[in-house]
2 protein chains.
Amino acid sequence: MSSMELWYTEKQTENFGITMKIKQTMVHEQTDFQELAMIETEEYGNMLVLDGMVMTTERDEFVYHEMVAHPSLFTHPNPENVLVVGGGDGGVIREVLKHPQVKKAVLVDIDGKVIEYSKQYLPSIAGKLEDPRVEVIVNDGYMHIHDHKNTYDVIMVDSTEPVGPAVNLFTKGFYQGIYDALKEDGIFVAQTDNPWFKADLIQSVNRDVKEVFPIVRVYIANIPTYPSGLWTFTMGSKKYDPLAVDESAIPEIETKYYTPRLHKAAFALPKFVEDLTK
Amino acid sequence: MSSMELWYTEKQTENFGITMKIKQTMVHEQTDFQELAMIETEEYGNMLVLDGMVMTTERDEFVYHEMVAHPSLFTHPNPENVLVVGGGDGGVIREVLKHPQVKKAVLVDIDGKVIEYSKQYLPSIAGKLEDPRVEVIVNDGYMHIHDHKNTYDVIMVDSTEPVGPAVNLFTKGFYQGIYDALKEDGIFVAQTDNPWFKADLIQSVNRDVKEVFPIVRVYIANIPTYPSGLWTFTMGSKKYDPLAVDESAIPEIETKYYTPRLHKAAFALPKFVEDLTK
């Protein structure tokens, strides 16, 4: 029993951050692509940190992973082939597999170390990467997208911020590539950061995705360990509108955040966020 | 120009907190009721701290104040007499006054120092306390409620956490007092903390308010400087259901968070929050 207190502090902006008491740091290394840390915290359980930014924690991961996966999968009537770009921790894949129509879920992460350490230290998140419906590919998502035309029903981009290896994943060229990799009625969704400190990013992504997809919608969720606690997701769709879904027909699946009752409500944006999408 | 960096760090739980760079501390004193600080921060502007907890900041205050005021005022068809218990910073009052039907808005805060320093350091929040429709009373809200039967159309409880002077404001006796202070079709709303770290509180308040009011609804908003970024509000109503409101009939008023499109969506709760209200 040590009397020494260790705290992880993340400056989420130059002038604001979160701080959490930690038990130990299991991993801290430079991979071929980014700085990776796996830390055991008191409040949030084990936590994955990439380039100094919290990616996921055992306690609050369900919000992000459910909200990446379910709104698009419950908008597409028959999502058989799903691609997750990034997301090496496996959390989005776990949620995707809750949909019985999904025949194949492909994960493409550029950094094999994220997958390896997630399996070791975040088993409740990464455990489903072993599922027979899952194919794990260690590769650049940008390249994978451009090599697969007319292939996927739903593509989910679970990337880090647009710094480091993810910078290409926030370009119009990438969105056009995704459009081409989707089937004729495909849906795309990406995490698009928070409106308090990254308003410019949300606006520019929204503008770019609108140039590629006919239907573009932004929705939100609360994630305590992400900057401001308010996260946005941008959906681009060729045919199906998430707001045209009959919520009463959405089956109940086992979740802790998403519900059919929340499906459309998540798209009702605070005024200052709504203004970023105009 | 100093090279010294000062940071305000608030432990929101034993093991988690926020930290923000500050420019200066204008006020830090023990009032008759609580420890009060007024701090100028880099990211959030001026900030009021009571008993070591951020109450409001110039940058994100609009969320809390709008979301205390508008859902109930747009549910009641003719809210003429409104009471705000606590809320000495004046932010809720400012929002209440945006409703032309309101003839009188009474603010009862136990601590005159909160009002005084808010007028001085948070003028964009407290400025409307001088409005002729407003009556400011420095008194115990609990006592005021019990001295005013059948008086108000809407009562809003903008209190601190249930520690210190606000502990009485989270009791069934208080909710019964509010019920009696409301007219026969009155509505009550209170801030009820966050579901990540204070799940027990939300459950117990929900149980208690249900014993007093026939209609009880919980809604949420994102507040970056509050623990977890996700805040709940509990509404108790004698007659009008906020979910029965015709959103298309809600007039647009000048807001930065609340919109008519968000009115019902704010009541769509994440599954783990919904479970706390059952």
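A Cβ is built for glycine as well, from the same backbone N, Cα and C atoms used for every other residue.
Annotated features, as they stand in TrEMBL:
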ACT_SITE  B:ASP158  active site, proton acceptor
BINDING   B:GLN34, B:ASP109, B:ASP140, B:GLY141, B:PRO165  S-methyl-5'-thioadenosine binding site
BINDING   B:HIS65, B:ASP89, B:ASP158, B:SER159, B:THR160, B:GLU161  spermidine binding site
DOMAIN    B:5-238  domain 'PABS'
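Of all the Cβ atoms in the protein chains shown, 27 others lie within 10 Å of the Cβ of B:HIS65 (spermidine binding site). B:PRO165 (S-methyl-5'-thioadenosine binding site) and B:SER159 (spermidine binding site) have their C-alpha atoms 9 Å apart, to the nearest angstrom. Residues B:HIS65, B:ASP89, B:ASP158, B:SER159, B:THR160, B:GLU161, recorded as binding spermidine, reach a greatest CA to CA spacing of 16 Å. Within the same chain, the residues at least 6 positions away from B:GLN34 (S-methyl-5'-thioadenosine binding site) whose Cβ sits under 8 Å from its Cβ are B:LEU50, B:ASP51, B:ASP111, B:THR160, B:GLY164, B:PRO165, listed in sequence order. Using a 10 angstroms CA-CA radius around B:HIS65 (spermidine binding site), the recorded positions that qualify from B:ASP109, B:ASP140, B:GLY141, B:ASP158 are B:ASP158. In sequence order, B:VAL85, B:GLY86, B:GLY141, B:ALA166, B:LEU169, B:PHE170, B:ALA190, B:GLN191 make up the list of same-chain residues 6 or more apart from B:SER159 (spermidine binding site) whose Cβ falls under 8 Å from its Cβ. Each residue contributes its Cα atom, and for B:GLU161 (spermidine binding site) and B:ASP140 (S-methyl-5'-thioadenosine binding site) those atoms are 16 Å apart. Each of the binding-site residues B:GLY141, B:PRO165 was scored by the other Cβ atoms within 10 Å of its Cβ; the lowest score goes to B:PRO165. Reported as a whole number, the C-alpha separation between B:ASP140 (S-methyl-5'-thioadenosine binding site) and B:ASP158 (active site, proton acceptor) equals 13 Å. Listed in chain order, the extra residues whose Cβ falls within 8 Å of the Cβ center of the S-methyl-5'-thioadenosine site residues B:GLN34, B:ASP109, B:ASP140, B:GLY141, B:PRO165 are B:PHE33, B:GLY86, B:ILE110, B:ASP111, B:SER159, B:ALA166. Within the group of recorded positions (B:ASP140, B:ASP158), the Cβ with the highest number of other Cβ atoms inside 10 Å belongs to B:ASP158.
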